[in-house]
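What Swiss-Prot annotates here:
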type	residues	note
ACT_SITE	SER84	active site, acyl-ester intermediate
ACT_SITE	TYR170	active site, proton acceptor
BINDING	LYS335, THR336, GLY337	substrate binding site
SIGNAL	1-20	signal peptide
Amino acid sequence: MKRLLAFCLLFFAALGQAKVPPPARSAADAEIQRAVAAFMQQYQVPGVAVGITVDGAERYYNYGVSSRKTQAKVGANTLFEVGSVSKTFTATLASYAQVNQQLSLADHPGKYLPEMKGHDFDKVTLLNLGTHTAGGFPMQVPTQVKTDQQLTAYFQSWHPQYPAGTKRTYANPGIGMLGVIAAKSMRMPFQKAMTGVLLPKLGLTNTYLTVPPAKMAFYAQGYDDKGQPVRMSPGALWEPTYGIKTTARDLLRFVEINLDQVKVEPKLKRAIDGTHVGYYRLGEMTQGLVWEQLPYPASETSLQANSSQKVIFESNAVAALTPPRPPQANVLINKTGSTRGFGAYVAFNPARKIGIVLLMNRSVPMDGRIKLAHTILDTAGGMAK
């Protein structure tokens with residue numbers, strides 16, 4: 001017994017002196033920390049939150065402060081504006097309404113908005129609204145449109161620049177009206193449909209359109225491209241197009257639901273899958289219901305090209321996928337978002353069950369956000385089995 005005890009002591013002493021390799025994830029941690037630190041320094045970003053999921057295992061990284069004034073650190077409860085990532089929630093709401101047979105994406109707006117019958121806007125389909133293929137809207141609803149009556153008049157007087165389904169013009173008005181119509185089909189205002197129905201069903205308890213008073217202390221201060229403090233200003237159709245404020249933890253849960261790593265009710269699962277259907281092709285990119293898809297793995301060059309000025313601000317010819325392409329596993333499903341003072345990026349690959357969220361409280365050029373996101377995606381891919 002004494003001889004065995006002596007052997008064990010010698011063995012564990014030798015083990016303690018040996019150079020045991022660090023956990024594999026520590027190298028990934030260091031790479032993410034290096035990339036985020038360089039990014040924050042280059043663009044003078046006060047705070048960044050990163051979330052990674054690999055086969056259901058979550059990892060969070062918080063850097064910097066949510067406000068230069070208060071010096072409050074970015075943490076698990078920090079709320080960020082996510083800009084156009086909000087559109088993915090609107091797409092999910094519309095898909096959920098379709099699963100519940102409250103609408104069909106093949107329908108025309110006039111079925112739900114009788115005041116649109118007889119106008120060009122009623123000639124497009126709800127699918128056109130959800131895929132940026134209605135015929136050409138400006139990026140934003142004109143600033144002079146403020147009331148519901150003015151919004152109605154705006155869409156009644158709208159005329160397409162090209163036939164529906166032939167070109168993609170990224171814009172807020174179409175997605176915004178898809179959200180309005182989805183809520184109308186559910187017989188409630190959009191805010192109630194989103195915050196009273198969809199978000200609770202998704203289990204997102206820290207995601208808002210209007211941040212409640214009790215949560216304002218966690219609402220990050222955004223900064224514009226000149227470093228001045230700013231938060232989003234509500235405008236026409238702001239709720240369905242850029243209104244969501246959320247945390248890295250809640251947004252990563254949304255990603256995990258999209259990856260089928262977090263179980264939800266069957267109808268909601270079908271709705272989520274419905275947003276992954278491919279309807280149009282633009283170069284390498286497949287346009288789903290708001291979500292954009294690229295072949296996986298996607299190079300930084302591919303990501304940058306898909307987020308270029310040409311793709312975002314110009315009308316580009318698309319090819320309709322007939323029949324629509326069922327949800328694919330080996331693709332990168334992604335969406336960028338920004339407001340005047342915040343930036344966001346979400347991406348996931350169903351085949352390898354990996355996903356990332358990237359949130360920041362400063363306006364940063366798209367290419368900078370994409371470069372950092374690609375590094376994080378590459379690192380997440382290295383974590384996967």
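Using N, Cα and C of the backbone, Cβ positions are placed for all residues, glycine too.
Not measured: the values here are computed from a predicted model.
Of all the Cβ atoms in the protein chains shown, 20 others lie within 10 Å of the Cβ of LYS335 (substrate binding site). In the three-state DSSP scheme, LYS335 (substrate binding site) falls into the strand class. Excluding LYS335, THR336, GLY337, which define the substrate site, the same chain contributes VAL82, GLY83, SER84, VAL85, LYS87, THR88, ASN334, SER338, ALA344, TYR345, VAL346 within 8 Å (Cβ to the Cβ centroid), listed in sequence order. The recorded positions shown are TYR170, LYS335, THR336, GLY337; of these, the one with its CA atom nearest the CA of SER84 (active site, acyl-ester intermediate) is GLY337. Taking a C-beta cut-off of under 8 angstroms and a sequence separation of 6 or more, THR336 (substrate binding site) has the following same-chain neighbours: GLY83, SER84, VAL85, SER307, ALA344, TYR345, MET366, ARG369, ILE370. Non-local neighbourhood of TYR170 (active site, proton acceptor): HIS132, MET139, VAL311, ILE312, PHE313, each in the same chain, at least six residues away, with C-beta under 8 Å from its C-beta. Look at SER84 (active site, acyl-ester intermediate): DSSP puts it in a helix. All protein chains considered, the CB of GLY337 (substrate binding site) has 23 other CB atoms within 10 Å.
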